[in-house]
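Peer 1: Below are the features I grabbed from Swiss-Prot:
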COMPBIAS  255-275  compositional bias 'Polar residues'
COMPBIAS  327-337  compositional bias 'Basic and acidic residues'
DOMAIN    11-91  domain 'PDZ 1'
DOMAIN    151-231  domain 'PDZ 2'
MOD_RES   Ser130  phosphoserine
MOD_RES   Ser183  phosphoserine
MOD_RES   Ser186  phosphoserine
MOD_RES   Ser254  phosphoserine
MOD_RES   Ser269  phosphoserine
MOD_RES   Ser280  phosphoserine
MOD_RES   Ser303  phosphoserine
REGION    112-145  region 'Disordered'
REGION    242-337  region 'Disordered'
Amino acid sequence: MAAPESLRPRLCRLVRGEQGYGFHLHGEKGRRGQFIRRVEPGSPAEAAALRAGDRLVEVNGVNVEGETHHQVVQRIKAVEGQTQLLVVDKETDEELCRRQLTCTEEMAHRGLPPAHNPWEPKPDWACSGSLGSDTGQKDVNGPPRELRPRLCHLRRGPQGYGFNLHSDKSRPGQYIRSVDPGSPASHSGLRAQDRLIEVNGQNVEGLRHAEVVARIKAQEDEARLLVVDPETDEHFKRLRVVPTEEHVEGPLPSPVTNGTSPAQLNGGSVCSSRSDLPGSEKDNEDGSTWKRDPFQESGLHLSPTAAEAKEKARATRVNKRAPQMDWNRKREIFSNF
């Protein structure tokens, strides 16, 4: 086994030959990413030091860890006659996972940073061989990883922040499409596939793409972005809690159990999106709430009078009527189609 200080990603530059590049790419069930399955002897891939078992991290400077096999193949074919691949072998991949570092092109030149180095990003993706759980991501070689949002502080460089933001028609929200290697975004811990929750302390989940971009540009030379990776996003959605800066280092919401209201989850706020919440019997669709019975709150359960029973029956019939649609919401729904 190689010493940790000698481990580093490899940047392989391939020039296409008459028979192609000479390597085979495939995905592995249960593991995230694309892997080099075979390298042909005497091929450009072998000359570039590409090896079977390597995991592909970047293609021509773009992180592809969250992309499908087809998308990765198209990126390799996009530049005719040559390609540049950032890869990690199994040992390096495990070391990066153990230290919760994200692989970058800079590491191929400088090696892995010392453990005390301040530019190490905060924990992000779990290792590719990890198993999910309700409260965190359980790594086969270590303790469970807490699923938390990440607060990324970016200072604008000469080339900007170094990330690309996009919206996806198939799902609401704004997503990080790519992060430039060695950029302020990369050093802040921002990653491709992250979903943007807040910009400079303001929730932007309901804003349009142009509005989010304007918020990022509002402060000229810096931005503070609260983001969640796909696993953390799913976890918080299951709990029906909107991630906030408090969840970065503070108490995390607990899984919902019988008799527990989502609003009681360790101070977490309930997700405002109606599509994420099942109907509640205690809340009317028009936003009003049931009046509390002071006797019941004190522990006394009294039988209703005839008048009370009649009033309750009338209220139940009223509440079964279909709610009036908010016209702003209606336009939103239509625009999504």
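Keep in mind that glycine also has a Cβ here, set from the backbone N, Cα and C atoms.
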Peer 1: How do the residues of the domain 'PDZ 1' (11-91) split into helix, strand and coil according to DSSP?
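Peer 2: Counting residues by DSSP class gives 16 helix, 32 strand, 33 coil.
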Peer 1: Kindly state the mean pLDDT of the domain 'PDZ 1' (11-91) in the predicted structure.
Peer 2: 91
Peer 1: For Ser186 (phosphoserine) and Ser254 (phosphoserine), what Cα-Cα distance in Å is obtained after rounding to a whole number?
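Peer 2: Counting only the Cα atoms, the answer is 31 Å.
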Peer 1: Neighbour count first, Cβ atoms within 10 Å, every protein chain included; then name which of Ser183, Ser186, Ser254 tops the list of modified residues.
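Peer 2: Comparing the modified residues Ser183, Ser186, Ser254, the most crowded Cβ belongs to Ser186.
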Peer 1: What's the CA to CA span in angstrom from Ser183 (phosphoserine) over to Ser254 (phosphoserine)?
Peer 2: 35
Peer 1: Of the residues in the domain 'PDZ 2' (151-231), how many are helix, strand and coil by DSSP?
Peer 2: 17 helix, 36 strand, 28 coil
Peer 1: Going by DSSP, is Ser254 (phosphoserine) part of a helix, a strand, or coil?
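Peer 2: Looking at the DSSP assignment, Ser254 (phosphoserine) belongs to neither helix nor strand, so coil.
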